[in-house]
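A short worksheet on the structure shown next.
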Amino acid sequence: MSLDISQYPVLAQANTPDELRQLPQAVLPQLADELRGFLLKSVGKSSGHFASGLGTVELTVALHYVYNTPFDRLIWDVGHQAYPHKILTGRRDAMHTIRQKGGIHPFPWREESEYDTFSVGHSGTSISAALAMAVAAEKEQAGRKVVSVIGDGAMTGGMVFEAMNHAGDLHNDMLVVLNDNEMSISENVGALNNHLAQLMSGRFYTTIRESSKKVLKGMPVIKEMAKRTEEHLKGMVVPGTMFEELGFNYIGPIDGHDVDALVETMRNMRNLSGPQILHIMTKKGRGYEPAEKDPIGWHAVPKFDPSTFEKPASKPSNPTFSQVFGKWLCDVAEKDKKVLGITPAMREGSGMVEFSQRFPKQYFDAAIAEQHAVTLGAGFACEGLKPVVAIYSTFLQRGYDQLIHDVALQKLPVLFAIDRGGIVGADGPTHQGAFDLSFMRTVPNMVIMAPSDENECRQMLYTGYCYNDGPTAVRYPRGSATGAPQIEEMTALPIGKGLIKRQGQKVAILNFGTLLASVLTAGESLDATVADMRFVKPLDVELIKELANSHDVLVTVEENAIMGGAGSGVLELLQQLKQPMPVLQLGLPDEFIKHGDSGEIIAELKLDAAGILEQIESYLA
């Protein structure tokens, strides 16, 4: 149910940017307050990304007030912070459906709104896209402006600097807003800097600056002296030298919660030529005390009552697979100081908080730099250390070349703990772990494991830790484990060997991963044999031969794309054995899986027990 908009009188007049731009500037602070209040209650009712959006309220208001969106292009990096943008661009009354099946998308999405000029979800893409749009705008000669908004966390990714380096060379008109909400670049915030930013972006300063460049053209010594003098004067109060060296004109830092200062500065910058960067300082979770104190904990929230100032206590459940991994990592690190944990800025999500605290010298946060994280692991392995790279399936895509070139090619023993394999649910198509089994299967020297429960997960992680002949991967899903009684003793599994879990007849179901419980339920109804294959690569050749010889039909089940996945490996093996037979492959279809509750999606894809049974019976009919 949408909120009563009558409680937000100014926001009620700004359902679209066109309406927003009709408001007098004097009411923008009130609009920002109402927008923040609406966001607070809306996410409380729907769940979703929370703290980031609270920090970008004033920025969002200013951007849509100054720029003629959607004609002017506005690109958000990642998109966690774009909830206020969605509210102001005609989706206010649908915010209660965000991240839900059939509801609005969790991130900016081109198919959803003309105001979402570039679909996002992963970090570091906005400046590349903005540069391309700026080049296109210049060719079009229609006066279109281009703005990208990127957080300081995303600035750790190499793609960002690749794009900035190119933008500085091409020198097209574009604005990059650096939303610095971690104080990681500068703490020089206050009235002086706000005033300086407006001064530096004003016509007088920019005219003098550009005129000086023209006058000094062809006089390299004097030009260099003038440049250094300018940088020295600016550098006393602003940290812009790095951006200037990349070819950007740097403005800031300014208070990102002063909507009037943002509007005036952006108005000044709107018609500046060349690439510009506006550095703003914001507070993640702004306006809600618990989120301000713990922005990481309040990054994303379930449904909650904002008036309690507490997130609802989670119901007692089984540990998550991430927690199972984190405990295992601590257990082995206690006994082996060569064990190193690496994460690309996903410490909390990957279950590595305790490890980072107990073993700080063995913990490495590579920041949002997946390529670097993978090759960092390769380098450690070269020196006889035991690197464990904890990474989400969707983010390993970004380190694929490094997986091949830097790890597998050299047969380096790097263990990949791949979290969020399969359906992740509410974050949608940018985050579903649909492809990892497919893209890893093709890589020589890889060993790939898919546990059916938390005990197998621990044993497989230990197997990867013990394996020294090349890289290993253990792939597990998001969310709670199965509740299997924990076996503390860790034993390395025989490589490439599966288990028969149920003996049946005619139909043999080969399970890869945590859908085993549903497969066993379907197997009971069919009186089918069920095998827990454990290894996606290498496959258990002898077991598959045995099952093929003793059954009429094989069925493969995996929470991965059918194309190129584990089932494809079974088909390839049967062809090599010259033993063709009916094989039904069940898994994710050849499409990007939309957002929604994980259970709902699994059921819709017919990968729950009832759906698996239905698909097999239909195939046999």
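Each residue, glycine too, has its Cβ placed from N, Cα and C.
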Please pick, from ASN181, ASN268, ASN318, the residue that Swiss-Prot records in the thiamine diphosphate site together with HIS80, GLY121, HIS122, SER123, GLY153, ALA154, TYR288, GLU370.
ASN181
Neighbour tally for HIS80 (thiamine diphosphate binding site), based on other Cβ positions within 10 Å of its Cβ:
26
Largest tally of Cβ atoms lying within 10 Å of a Cβ, found at which of the binding-site residues ASP152, GLU370:
GLU370
Write down the Cα-Cα distance for ASN181 (thiamine diphosphate binding site) and ASP152 (Mg(2+) binding site), rounded and given in Å.
7
Set of same-chain residues at least 6 away whose C-beta sits under 8 angstroms from ASN181 (thiamine diphosphate binding site):
SER52, GLY55, GLY151, ASP152, GLY256, MET281, THR282, LYS283, LYS284, PRO295
May I ask which residues of the same chain, at least 6 positions away in sequence, place their Cβ under 8 angstroms from the Cβ of HIS122 (thiamine diphosphate binding site)?
VAL78, THR394, PHE395, ARG398, THR430
Within 10 angstroms of the C-beta of GLY153 (thiamine diphosphate binding site), what count of other C-beta atoms is obtained when all protein chains are considered?
22
